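Visitor: Here's the feature list from Swiss-Prot:
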BINDING   Asp16, His143  NAD(+) binding site
BINDING   Asn47, Ser48, Cys62, Val63, Gly64, His98  FAD binding site
Amino acid sequence: MSPIIAPPAELVDPKDRVQLRRVFGDFPTGVTVVTVGGSEPRGMTANSFTSVSLSPPLVLICVGKDAVMHQRLTALPTFAVSVLEAGQEKAARHFADHSRPPGVDQFDTVDWVLGEESGAPLIAGAVAHLECAIHRLYEGGDHTIFLGEVITATRWPAREGMLFSGGRFRRFAPDADEGRAA
């Protein structure tokens, strides 16, 4: 074996929030918009979404304790997740913008439908929708981990999901075999 020549590494202090956030951002994720309904609907862009279990069907989302969405999630029994399609960067940026209007007005810039089970807005054109009942909450430092039991799930398999990595929205690269004759 020969020695590996690698670019210089950057040692990161895990107590430095800015540096640690960059390390976390090196992990590519999908992009979702988490929503709640009720008298004051709310949406929030989130990449901290994970499938947990098939039986029972569970997912988790992590929300900062200082976020308005945190207050809404702790007050309601249900939430929804829209897994964004690769072309929905505008929606992702909108629901990450802290200066967007409150309540239902924040949904004026996107097409959406009302979730029948959760009463939460579902972003039209998404790759998938999941409506969830809050199953359990866990402390996670400056975040709360919301475990949701999936009530309904809908997917559009012809759509391609959006990626987020290195602080940027990205798309999947075409498959190397795509377009080749069999």
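Positions of Cβ are set from backbone N, Cα and C atoms, glycine also.
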Visitor: So the record assigns Asn47, Ser48, Cys62, Val63, Gly64, His98 to FAD. If I measure every Cα pair among those residues, what is the longest distance in angstrom, as a whole number?
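Guide: So the maximum pairwise Cα distance among the FAD binders is 18 Å.
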Visitor: Counting distance between Cα atoms, which of the binding-site residues Asn47, Ser48, Val63, Gly64 is nearest Asp16 (NAD(+) binding site)?
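Guide: Nearest listed residue in space: Gly64.
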Visitor: Would you please pick out, from the binding-site residues Asn47, Ser48, the one with the fewest other Cβ atoms within 10 Å of its Cβ?
Guide: Ser48
Visitor: Rounded to a whole number, how many Å is the Cα of Val63 (FAD binding site) away from the Cα of His143 (NAD(+) binding site)?
Guide: 5
Visitor: Ten-angstrom check, please: count other Cβ atoms within 10 Å of the Cβ of His98 (FAD binding site), all chains counted.
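Guide: That number is 7.
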Visitor: For a quick check of understanding: among the binding-site residues Cys62, Val63, which residue's Cβ has the most other Cβ atoms within 10 Å?
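Guide: Compared across Cys62, Val63, the most Cβ atoms within 10 Å surround Val63.
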Visitor: Tell me the Cα distance separating Asn47 (FAD binding site) from His143 (NAD(+) binding site), rounded to the nearest angstrom.
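Guide: Checking the Cα atoms of His143 (NAD(+) binding site) and Asn47 (FAD binding site) gives a distance of 14 Å.
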Visitor: Would you please pick out, from the binding-site residues Asp16, Gly64, His143, the one with the fewest other Cβ atoms within 10 Å of its Cβ?
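Guide: Each of the binding-site residues Asp16, Gly64, His143 was scored by Cβ atoms within 10 Å; lowest is Asp16.
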